[in-house]
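Taken verbatim from Swiss-Prot:
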TOPO_DOM  1-29  topological domain 'Extracellular'
CARBOHYD  Asn4  N-linked glycosylation site
TRANSMEM  30-50  transmembrane segment
TOPO_DOM  51-64  topological domain 'Cytoplasmic'
TRANSMEM  65-85  transmembrane segment
TOPO_DOM  86-116  topological domain 'Extracellular'
DISULFID  Cys102-Cys180  disulfide bond
TRANSMEM  117-137  transmembrane segment
TOPO_DOM  138-146  topological domain 'Cytoplasmic'
TRANSMEM  147-167  transmembrane segment
TOPO_DOM  168-206  topological domain 'Extracellular'
CARBOHYD  Asn179  N-linked glycosylation site
TRANSMEM  207-227  transmembrane segment
TOPO_DOM  228-245  topological domain 'Cytoplasmic'
TRANSMEM  246-266  transmembrane segment
TOPO_DOM  267-308  topological domain 'Extracellular'
TRANSMEM  309-329  transmembrane segment
TOPO_DOM  330-374  topological domain 'Cytoplasmic'
REGION    345-374  region 'Disordered'
Amino acid sequence: MAANVSGAKSCPANFLAAADDKLSGFQGDFLWPILVVEFLVAVASNGLALYRFSIRKQRPWHPAVVFSVQLAVSDLLCALTLPPLAAYLYPPKHWRYGEAACRLERFLFTCNLLGSVIFITCISLNRYLGIVHPFFARSHLRPKHAWAVSAAGWVLAALLAMPTLSFSHLKRPQQGAGNCSVARPEACIKCLGTADHGLAAYRAYSLVLAGLGCGLPLLLTLAAYGALGRAVLRSPGMTVAEKLRVAALVASGVALYASSYVPYHIMRVLNVDARRRWSTRCPSFADIAQATAALELGPYVGYQVMRGLMPLAFCVHPLLYMAAVPSLGCCCRHCPGYRDSWNPEDAKSTGQALPLNATAAPKPSEPQSRELSQ
């Protein structure tokens, strides 16, 4: 916290230091070790997923693999931003890498977080097309289309994350503050997401990210999986066990999304609102005790909890979206549209049972189905 957003009076430096010291305690106590563990697991799981994709003999990759690779790359890059953040949060909270690295770390995390959401949405929509509209998918969707959509997704993520380069900055200690230590946190350099005088604009930006980077993709994912679920439930050729397996796979993906990205963005906006209210009142506080007592710890602690829990999604994505296990593809071959268009040769050529096998392009010399060849 740096200055009063009202512009009438500045917040006393000792009030700001006391507030920062109290709030930083939550990060130093639990957040940094969680980030270290998540980094190790996310790098191992997504690195393994990328390795498995790289040794696939079948080329070109069909859209399922293209989107899954983009998701693994975005998760891996996002995980690589966690070690410098953990080192920063480790007491004493001190940024040692310069202002350019501060801005870059914030940008890369936000960009790859948005990329992760975008490619999850692409996977969901591709599953929908492959199962509910298999004729269209097999006739029109090609790997080049998936690569083009992926490129557009990366550009969109970068554009949405670009403002973080402007908002992020270093807060340097006052001259003569001494050496940074646990006993002298006011002498440490802070890497901040935004200064208090920019909180109004930062709140608007956070709302845009919550809407375009979380809400809209969630609605598209829910719509795609809802239509897919209806197709599965109406399929007379599927057993109850197969339907339950599809339902579990879909529900787990939606639950992971709703329990990680959604609360993260909500708590981020609530935390910014709490910061604005405190900064506006700061010049009127009588003493340090009143200033620290006025801190709204609920939104802040909730946001820190989600900063620790949200990266767990990067660790779980390889299991949900990239693992070569029987999933929607093998179950939904009994779906009416899928059954008419599915070709056993597609399963052999893909070498995996990802739910999007139906989107693999048929060979020009082969009929799309027995019905079409008659």
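In case you wondered, yes, glycine gets a Cβ from its N, Cα and C as well.
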Recorded stretch, among 65-85, 147-167, 207-227, 246-266, maximising Cβ pairs under 8 Å relative to the transmembrane segment (117-137): 207-227
Lowest local Cβ density among Cys102, Cys180, which the record lists as disulfide-bonded residues, within 10 Å: Cys180
Cα distance (Å, whole number) from Asn179 (N-linked glycosylation site) to Cys102 (disulfide bond): 20
Predicted model, mean pLDDT over the topological domain 'Cytoplasmic' (51-64): 82
Per-state residue totals over the topological domain 'Extracellular' (86-116) - DSSP helix, strand, coil: 22 helix, 0 strand, 9 coil
Neighbouring C-beta atoms (10 Å sphere around the C-beta of Asn179 (N-linked glycosylation site)): 10
Secondary structure tally of the topological domain 'Cytoplasmic' (51-64) (DSSP, helix then strand then coil): 6 helix, 0 strand, 8 coil
